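As annotated by TrEMBL, transmembrane segment applies to 40-57, 141-161, 181-200, 261-281, 301-325. Marked as domain 'Homeobox' by TrEMBL: 68-129. Sequence annotations record features per position, and here TrEMBL assigns DNA-binding region to 70-130. Feature annotation from TrEMBL assigns domain 'TLC' to 132-333. Feature annotation from TrEMBL assigns region 'Disordered' to 344-368. Annotation comment: TrEMBL describes 346-362 as compositional bias 'Acidic residues'.
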Amino acid sequence: MESLLNQWLWQEEYWLPPGIHWQDVDMKGEDGHFPLPRDLIYTLPLAFTFIALRYVFERLIAVPFSKHLGVKDRIRIRAASIPKLETFYKQSSRQPSQSEVVNLGKQCGLSQRKIQTWFRHRRNQDRPNNTKKFCEASWRFVFYLVAFTAGLGSLINSPWLWDHRECWRGYPKQPVAKAHYWYYILEMGFYLSLLMCVSVDVKRKDFKEQVIHHIATIFLIGFSYCSNYVRVGTLVMLVHDSSDFLLESAKMFHYAGWTRTCDSLFVVFAVVFLVTRLVVFPGRVIHTTLVVSAEFFQPFFGYYFFNALLLVLQVLHIFWAYLILRMVYKFVFMGKLERDERSDAESEVDDEEEEPEEEGEESSWAQRKGAINSKLASLAHNCVLNNLTNQRNINSRLPKAR
C-alpha cells in the first residue's frame, strides 16, 4: 500500500520540472536543508500547541488587557426558559417563519409578538460579546506582528526579496535556511489551528471566504514546500502578514471604543492592504510565478497548481478590497466607521437586523415611559393646584357665613 501511494503521489512529473529527478535534488551534506514532505507532519502537533497557547493567552493576557482598555460587554436580556421554543431554536430554525410563529404560539399559549421577542432575545444571547471578539483579535494581532517582524528579518538579506529572478535561479536545487524552514512550519501550523477553531470562533460576514482562504493557504504552503517553491512562498507570506496585524489592531481599538485610534489604524490598514494585495501581490509575486519562472524551466503540473492557488487568493483579495473601499467611502462621506465591512459583522443577517430593532424598542419604551411620567407629574401638579384653590374659596366664605 505504501509503495502504491509513493508511486502515485510522489511522481516526479507532479513535483519537479521535466528532466529533473528526485536523485538530482538530494542535497545531503550541502549547506542548508532540502524540504521533504515528512517535515510537514510537525505542523499538526504545532497546530494543537497554538490552540493551547491561545487558550492561555486569552485568559491570562487578553481579558485583563481588554478591561484595561475599557472594553465593555453589552447587557442583553436572557430569553425565558421555554423548552418547546428552545428545541425548535436548536433543531429547526433560529428565525421561524410567520406560520411557524403561529403554530409555536398555539403550542406554548403565547402571543405572536412574545414568540418573536423570545427568538430575538435568544439570538442575541448567542451573539459573541466584545470581550470574546477582543481576545480573538488580540491573539491574531500578536501572531501576525511576530510573524511579519521575524519574516522580514529573515528575508531582509535574501537576494530574492529585491530581485525576484533569484527565486528561480538554480531551481529546484535550492537549499532552505533554518529560519525560512521555521517560518514555513509556524505559518502552516497557525493556519491549521485557525481552521480547527473556525467552528468556535466568531462567525463573520465573510465566513465562507475565510474558510476558503485558510484551505487555499494551507494547500499553498504545503505544496510550495514539497515542490521547493520556498523562496517565492516566503514572499507570499510576508505580503499577507504586512497588513493583517494592522486590521487586528484596528479591531481591538474598535471593541474598546477608541474611535479615533481605530479610524486612524483602519486608514493605514486600507492603504497597506490595497497596495500589497492589489499591486505588489499580482504585479510582483504572481508575475514572477507565471512569467519569470518560465524562463528557467518548462511548465509542469506543480507550476499550474501553484499559480491556480495564487489566483484563488487574488480573487479573495479583490472581494475584500471591495468591502474595504465601501468602508472608506462611508468614512470619507459620513465621517465615521459604522462597522467593519470586511469581517467584523456576524454572518447571520437576521442578527444584525435584530440588534437595532431591540434598541429601537427599548428607546421607544423609554420615550413612552418618559411621556407617561410627565403626564402623571402634570396631573399631580393640577391636583395640588385645585386643592389649594378649593381651600382658599372655603376660607373666603367663612367670614360671610359668620
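Note that Cβ sites are derived from N, Cα and C of the backbone, with glycine treated the same way.
In TrEMBL, annotation is done automatically, which means it is predicted and not curated.
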If we skip the immediate neighbours and take only residues 6+ beyond the ends of the transmembrane segment (141-161), which ones have a Cβ under 8 Å from one of its Cβ atoms?
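Non-local partners: 57, 167, 177, 179-180, 183, 186-187, 190, 231-232, 234-235, 237-238, 241-242, 244-245, 248-249, 252.
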In the same chain, which residue numbers or ranges, 6 or more beyond the ends of the transmembrane segment (181-200), come under 8 angstroms Cβ to Cβ?
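Distant Cβ neighbours of the transmembrane segment (181-200) are 33, 35, 39-40, 42-44, 46-51, 54, 143, 147, 150-151, 154, 207, 210-211, 214-215, 217-218, 221-222, 225, 230, 233-234, 237.
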So which residues does the transmembrane segment (40-57) touch in its own chain, when a touch means Cβ under 8 Å and the partner is 6 or more beyond its ends?
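Distant Cβ neighbours of the transmembrane segment (40-57) are 138-139, 142, 185-186, 188-190, 192-193, 196-197, 222, 225-226.
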What else in the chain is close to the transmembrane segment (261-281), if you only count residues 6 or more beyond its ends and a Cβ gap under 8 Å?
236, 239-240, 242-243, 246-247, 249-251, 253-254, 313-314, 317-318, 320-321, 324-325, 327-328, 331, 336-337
As a test of reading the model: what is the averaged pLDDT for the domain 'TLC' (132-333)?
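Mean pLDDT across the domain 'TLC' (132-333) comes out at 88.
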Provide the three-state DSSP residue tally for the DNA-binding region (70-130): helix first, then strand, then coil.
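Its residues divide into 36 helix, 0 strand, 25 coil.
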